[in-house]
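A quick write-up on the structure given underneath.
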């Protein structure tokens, strides 16, 4: 779910923090991709006659087709993706997960009614609401990525938190996910729509955290409190406080505790046993991989292994899989070229104008070769 209404709020109050780019702008970039979010998208979008793709045994293959072709698209544009898989959800998410189970149960009832009535549109709508990423989906995608030569990371907890940690450590340029809470976890750069269908023609949205908090006029800790007031996966919100009111209150009172001390509690009742402090700690000190020992390696694809798995087991077209493997191998060589800005360590907030100037100068010269991205120190909670 992420953070309720955060993208719209940033667009309204800090529009300069959002840039829109074409996928070609990310040549030479390493990006941490939220795997579970991608797989969910593929299960929803990659369909035939309203149903997920399946092999002859009735096994779902939509996630594999989506992962294979979207990854190739990124690699063809010089992007080096690393997929990050969710680990065990935090205990504080149990309430949100219970709500999702209830919504699925309700969708099952509505689907039955739609099937009895023969309502085609409703059948498709409620079928999509039942989509859930399973352990098998994850394991099959990991196997596919290994054969493609693409690295992946198993997060100990939330994938978005580990994506953010990889960005802060200088291992990758950005976190790619539709969940806005990657910003709350502290990723300096968030990309949305990177793995969206090409047919949708959606520009990639690039959010810069430093510019968000600078333009709103708050600190990162206050931004986390703001996100908690907007609504997250980890605790309830104060009913009656919308986005505009939340910003005004944070600017005026600085912390949620001070807000509680100063608002009319009859008008704005605070949830009983409200876990906002625990939620804040989870955002500021999340459980993530040790980035100091995390190595990301992009290697040659295993064409024969891909054919055995995708064609032998999953019954995809051999010609298409071999063609895809050759594209991976070809573009892997091309993407070893680096970006000019990889040679410079950026400190603090960089304006989009300066970054564009640097990139335009770099594109006019012969691209330099580099052995990787500069490694930075990762500090939890920043």
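Note that the numbers count up from 1, one per residue, in the order the chain is shown.
Quick reminder: no glycine exception, Cβ is built from N, Cα and C everywhere.
From the candidate list 225, 233, 248, 257, the residue Swiss-Prot records in the Mg(2+) 2 site shared with 179, 181 is 233. Between the stretches 284-316, 350-382, Swiss-Prot puts its region 'Disordered' entry on 350-382. Comparing residue 70 (DNA binding site) with residue 86 (Mg(2+) 1 binding site), their Cα atoms are 19 Å apart once rounded. Counted with DSSP, the region 'I-domain' (122-253) comes out as 69 helix, 15 strand, 48 coil.
Looking at residue 233 (DNA binding site) and residue 181 (Mg(2+) 2 binding site), their Cα atoms lie 9 Å from each other. The binding-site residues listed here (34, 158, 231) include 34 as those with a Cα within 10 A of the Cα of residue 179 (Mg(2+) 2 binding site). Residue 231 (DNA binding site) sits 10 Å from residue 181 (Mg(2+) 2 binding site), taking the C-alpha atoms as the reference points. Residue 158 (Mg(2+) 1 binding site) counts 29 other C-beta atoms within 10 Å of its own C-beta, drawing on all protein chains shown. Sequence-distant neighbours of residue 86 (Mg(2+) 1 binding site) (same chain, 6+ residues apart, CB-CB distance under 8 A): 35, 36, 155, 157, 158, 159.
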